[in-house]
């Protein structure tokens, strides 16, 4: 028997759930997962029937470095451990051109990767052209995905996705990297993309505004065929869409994921016990990061600099949002902090910069 | 400047945010908050402009007892501490007839309570008649609210609410006590109630299915004028709607709460640091509780009995849901556990009772 919201059975639209717990979750633990952790979670995910398990450094293939954080295991180790633990599930990897290269893709192919995602900033899909072309020629399933997608209009995202398909992507999609979207925002963007391309469309949410599950549902209702979610929401800051919550919600709404509920809960329990010190929660910085549309990876540096300069880190986030800061532009934090300190010293009433009515 | 989702300003529909952090949150810490904790949070909530701050034992006035848990402070102490800390915000209390009596209401009135909520099971609004009548005659604002509201149809909830208004309630509403609803469920129920009564309608969510914020937004969009939310989601199990997330989301969607964002985040930071060992997260029991529609307060007893009987606690939850168990019927847990053990011993394949396709 299938329990749906209204007790009906019938034709259930399939949704492919893609699980980046062992990749995006890495951000929350400084890329420090060891072989037993990878093996045990991957085996549990496989047993639950999760279709795709993604693994790697948080920033993807080739990203382990002083700048992005040194991973405990190198790509070869991660890929071989997880490949072996997945007799049924497909193995996915993620790569951002610049961090990773064609050499890294060849390595992943040698390890038997099934799905490769190439990620670029939402307005820079052209950076994925060479890698998507290489993967198409190599006969490997390749998807193109757009980061920080709240920074482009629905129309622009659709155009970028169409370009990714031309380059060879057999799937495209958007990441809500700073957790800024509300469900209507997601529906509009996914709808525009589905209207434009003829390949499966994916959505990847973050929970800064408590909307990760609702946004993912909105994506599926707007036509997305692939949604990302992580066990216990494992991920940086406020975390990702919570996998073991999303799956039964989709099933109850009449979609078919093919995932076993109890196996899924077992995998999530393993993740909760063995992968993370504590599951992500939405703290005040997470809320401000989501509202301002600034990647939560800026958090520690914003807090440090704000303390040093005696200014409110929330003001820094909102100003970074105004200036459209993206990852890699951490230098902007100092500029913003100095500007805010100037303003404060110029005698303006202290409360005036507080966006009390700017929520 | 007001930042809305689309940058527009204009007429903003007011929404009253009601904050039961110091009442519902009490469930998560065995009713153990002390005077300094109450005072500091209430003062911060008042400073942020939160309209109503509710305080008390988790089960409301008069509920401190061996059965429901002994509160650290008695009702008099809680009410006097919080009253003093609220120069601007209104003070609310909650009472379930049976736990509390008219004597408790008189006590609350003597302490200067502004809003009293009388809660009953969703199909037993008539139990509130005497108390709502007493409060009306005493000239105190009184609302009638329905617990475990997923167990009644939208039509039935609307009828119960109409009855509560006849009894004297100047506000009515529903609690999603087991966190079972999805947004469309909430919209349908709140819509039916708003269509039937002429007083403000409230919604109180729990986050078992990751939908507390989305459900509260759906309630407001369907006509609710009052929504409940707790700082950091402080509450039993998977927690309540997270206050400092809901408020800016409502503001961004074009509703007016009158609450100061930074003050709100400050209050939430105090709550996170001083009221709770850790913010609520959605664990596997929380998911199953939400799916099965069983109050998460059953958790510890279900886990204990399941361990003793060697059965899967998730099966117990789903069976309790089938049997429509409500709080106070904890004896049912034993019946269910024995029945499940019988089934297991009767030679049925072990996996058969697992609702792998029943999500």
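Placed from the backbone N, Cα and C atoms, the Cβ positions cover glycine too.
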Residue from A:143, A:204 that TrEMBL also lists as binding substrate with A:23, A:24, A:177: A:204
Those residues of the chain, 6+ apart, with a Cβ under 8 Å from that of residue A:204 (substrate binding site): A:20, A:145, A:173, A:174, A:175, A:176, A:227, A:228, A:240, A:241
Among A:23, A:27, A:206, the one of these recorded positions whose Cβ has the fewest neighbouring Cβ atoms within 10 Å: A:27
Cα distance (Å, whole number) from residue A:27 (active site, proton acceptor) to residue A:177 (substrate binding site): 13
Extra residues within 8 Å (Cβ to Cβ centroid of A:23, A:24, A:177, A:204), substrate: A:20, A:58, A:94, A:175, A:206, A:228, A:235, A:240
Neighbour tally for residue A:177 (substrate binding site), based on other Cβ positions within 10 Å of its Cβ: 26
DSSP three-state assignment for residue A:27 (active site, proton acceptor): helix
Under 8 Å by Cβ from residue A:24 (substrate binding site), same chain, sequence gap 6 or more: A:54, A:58, A:228, A:230, A:234, A:235, A:236, A:240
Nearest-integer angstrom distance between the alpha carbons (Cα) of residue A:27 (active site, proton acceptor) and residue A:206 (Mn(2+) binding site): 13
